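My questions will all concern the structure given below.
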């Protein structure tokens with residue numbers, strides 16, 4: 001019997017779902033190297049490999065067989081060949097622009113554990129999709145809003161969530177589409193550098209985001225009375241400000257975000273919150289000459305930084321702060337901890353913190369590759385973003401399930 005790869009689900013799975021991988025038809029205790037490859041939409045290659053030994057029966061099930069030292073990872077890691085994918089090009093991030101088409105994953109089994117791959121024994125392909133069957137993707141151009149709404153199948157009403165990404169502009173749909181598969185009406189909202197939105201805003205107006213909240217609440221398939229917000233980095237900062245100033249915000253999950261206004265001032269009606277001061281000269285060079293920017297911002301909990309602090313005590317919403325302890329872009333754990341102390345001092349209990357060791361600035365849904373070093377969102381220079389492969393892979397899976405549970409509870 002020739003070796004073959006057995007996958008479950010066989011042909012297609014959602015990107016945030018586990019994939020069971022096994023090889024059958026090997027020789028007893030045969031040594032093999034497994035390799036996964038994936039090309040992004042620009043053609044850039046991501047790869048991972050691991051060394052394994054088949055059982056006495058010639059079977060190799062990644063859920064039961066640990067990877068041996070020498071590959072991208074070792075130990076019992078059934079999903080290691082997915083979370084360990086790394087770009088061949090330095091500082092490259094896996095991005096999904098067109099969520100209507102899947103990524104194509106290639107799996108190969110090679111003979112032996114040599115430096116160079118041995119003879120090819122088996123191969124398979126698998127689609128990693130962003131929308132399950134029946135999901136609807138609706139481009140939204142209502143008033144000033146530029147967004148995409150993802151709706152689960154059926155005519156029911158669903159809890160509504162607005163997903164706001166970090167600096168970088170444009171419209172990012174990968175997280176909103178994956179979240180909608182779990183039963184949420186999710187709006188991926190652009191706020192600059194997209195279509196006719198401002199290219200380089202000198203101020204962010206909360207009225208624009210208020211329009212998005214009202215759009216969601218008027219939608220026949222969004223279950224009121226309020227909405228949830230999921231924001232990453234600058235998007236988390238905007239989400240926290242929305243909760244402080246706008247009505248009908250029930251729950252905010254903030255991923256590694258400042259709790260003060262940064263880079264672009266924020267205004268609502270006649271109030272403007274100024275930005276924290278940046279001190280670029282405080283960036284530290286690492287051994288690899290790449291800069292660590294974690295100390296360049298004023299402390300918002302000390303004057304003169306505190307006029308930039310978002311008045312979270314005004315919010316009625318529930319807060320979930322998701323923070324990486326190795327975030328090298330902002331001190332997200334410190335920010336979340338200090339902000340919650342202030343809330344506690346006001347007698348509030350509407351917050352929780354999920355803090356993850358070995359996790360850097362970029363917290364994506366499960367199985368996105370670790371983006372440890374890349375362009376700094378503000379300075380556009382190569383920067384340490386933080387994180388460690390195995391710890392981050394665990395944090396992704398845990399945080400993603402906790403975010404869904406949080407929204408199910410409060411929406």
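Don't overthink the numbers, they just go from 1 along the chain as shown.
Just so it is clear, glycine is given a Cβ too, placed from its N, Cα and C backbone atoms.
What TrEMBL records for 233, 327, 361 is active site, charge relay system. What TrEMBL records for 205-411 is domain 'BAAT/Acyl-CoA thioester hydrolase C-terminal'.
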Far apart in sequence but close in space: which same-chain residues, 6 or more away, have a Cβ under 8 Å from residue 233 (active site, charge relay system)?
165, 166, 167, 255, 256, 257, 258, 329, 330, 361, 377
Sequence gap of 6 or more, C-beta under 8 Å: which same-chain residues meet both conditions with respect to residue 327 (active site, charge relay system)?
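In sequence order, the residues whose Cβ lies under 8 Å from that of residue 327 (active site, charge relay system) (at least 6 apart) are 256, 294, 333, 359, 360, 361, 385, 386.
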Limited to the domain 'BAAT/Acyl-CoA thioester hydrolase C-terminal' (205-411), I'd like the whole-number average of pLDDT.
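Average per-residue pLDDT within the domain 'BAAT/Acyl-CoA thioester hydrolase C-terminal' (205-411): 95.
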